Amino acid sequence: MTEKQNWSVSPGQALRGEIEIPGDKSVSHRAVMFAALADGVSRIDGFLEGEDTRATAAIFSQLGVRIETPSSSQRIVHGVGVDGLRAPAGPLDCGNAGTGMRLLAGLLSAQNFDSVLVGDESLSKRPMRRIMDPLAKMGARIDSEPGGVPPLRIHGGQPIRGMDYTLEVASAQVKSAVLLAGLYAESETVVREPHPTRDYTERMLSAFGVEIEFSPGHARLRGGQRLRATDIAVPADFSSAAFFIVAASIVPGSELRLRAVGLNPRRTGLLIALRAMGADITEENRSEHGGEPVADLVVRHAPLHGIEVPVEIVPDMIDEFPALFVAAACATGNTVVRGAAELRVKESDRLASMAAGLRTLGIRVDETPDGATVLGGQIGSGAVDSHGDHRIAMAFSVAAQAASGKIEISDVANVATSFPNYDALARSVGFGSFTGS
Ligand code: S3P
């Protein structure tokens, strides 16, 4: 847990060394969920010890699943089978995690008991109609607060019907909620996506023995199947690595190796964008880790120039825009982002949070409804608000490494939701000090 509420981050030195990034958040959430639903005992290695994923594990304990923690980043999950979850005694707290809440809504809407999903202040403002509407078409009954926000009151005991559904927003969370409800349907469920999104649900259901047909932009499964316990090795989270990739790119003299980072193509749009900007990133020791491509990333400082980010890679880098905006602020010329309105409904409005902070630091940013244009320049010192958003906080700590002085960042405790001990790891490779209160 990050104890400090605020950081004052100083510029540091050239970034050097070799580091291991914690486990992938998306994969860790799903590993606990599917292991809980499986018949038999599954072991998870590389589990992310973040607040979001721990919240999901705690919820499954409330649902009657025994989960052991033999050591940090390991879990042994005693699966109860698709029909073995028990009614919880109270509300289920998803914390800050949109993934946790949306996937659980799909799963819980097909159980024979009622449940209530709650979240923290940020999650309590995030849109849930995107899952409530398709799940209602399948027969689910979910009530929200006015405006379609949590808490979600899920009425169990509803018969779930399969359906053929085309996503209205490019969202792996919505796709996954529908597929999880579809596991309980009598007929088949098909999900079609205008833009392919991350496919961990499909890959992992298949690893748990579910017959599921999938290709980019399409998934199909038959209801009534059981899951078979399996062991899961969680790769290092590319989205957490992104902050170090950008930091090493923008700080002169840097050469940093990030060991065995997950490189699922639906996650690595940032590599395409940064390379187009002139970044020097090489991949070494390519291998597979739990069915996912992984490689060491070696990042060396390189001068960056602005680009127009191709709209088609936006879903493949949706969590990486805070980091990309910092790279853009250090590049020569304009970087133009379009087609990224989804950023407005993440843990904060990330277009507004980044634009406001960068402007405070002397960088010109012109915001549009679905993107922004950033004109690179010298990042100054100043005080910025992370809006309680872990990725905004980390992005500005990276900005501090190229800044003319300290950057004060408020409301950073949520860094622990995805990246426990981020500040210590950053310091160990050459970031300046993180002081604060
Ligand atoms: C996630 C999907 C993405 C991403 C989030 C994790 C997932 O959200 O932003 O951090 O694990 O499925 P959307 O699918 O809603 O874009």
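The first residue you see is number 1, and the count goes up from there.
Every residue gets a Cβ built from N, Cα and C, even glycine.
Curation plays no part in TrEMBL annotations; they are all automatic predictions.
Sequence annotations record features per position, and here TrEMBL assigns domain 'Enolpyruvate transferase' to 10-422.
Look at TrEMBL and you will find K25, S26, R30, S171, Q173, D319, K346 tagged as 3-phosphoshikimate binding site. Neighbour count (other Cβ atoms within 10 Å of the Cβ, all protein chains): 22 for S171 (3-phosphoshikimate binding site).
Mapped onto three states, the DSSP output places R126 (phosphoenolpyruvate binding site) in coil. What TrEMBL lists as phosphoenolpyruvate binding site is K25, G98, R126, Q173, R350, R391.
According to TrEMBL, the active site, proton acceptor annotation covers D319. Its Cβ taken as reference, D319 (3-phosphoshikimate binding site) is surrounded by 24 other Cβ atoms within 10 Å in the chains shown.
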(message) I'd like to confirm something. Which of the binding-site residues, G98, R126, R350, R391, has a Cα closest to the Cα of S171 (3-phosphoshikimate binding site)?
(response) G98
(request) Tell me the Cβ contacts of Q173 (3-phosphoshikimate binding site) under 8 Å, same chain only and six or more apart in sequence, or just say none. (result) G98, T99, R102, L103, I131
(message) Quick test of your reading of the structure: among the binding-site residues Q173, D319, R350, whose CB sits under 6 A from ligand 1?
(response) Q173, D319
(message) Please compute the mean pLDDT of the model over the domain 'Enolpyruvate transferase' (10-422).
(response) 97
(request) For S171 (3-phosphoshikimate binding site), name the DSSP secondary structure in the helix/strand/coil scheme. (result) coil
(request) Would you work out the biggest C-alpha to C-alpha distance among K25, S26, R30, S171, Q173, D319, K346, the residues that bind 3-phosphoshikimate according to the record, and give it in angstrom as a whole number? (result) 19
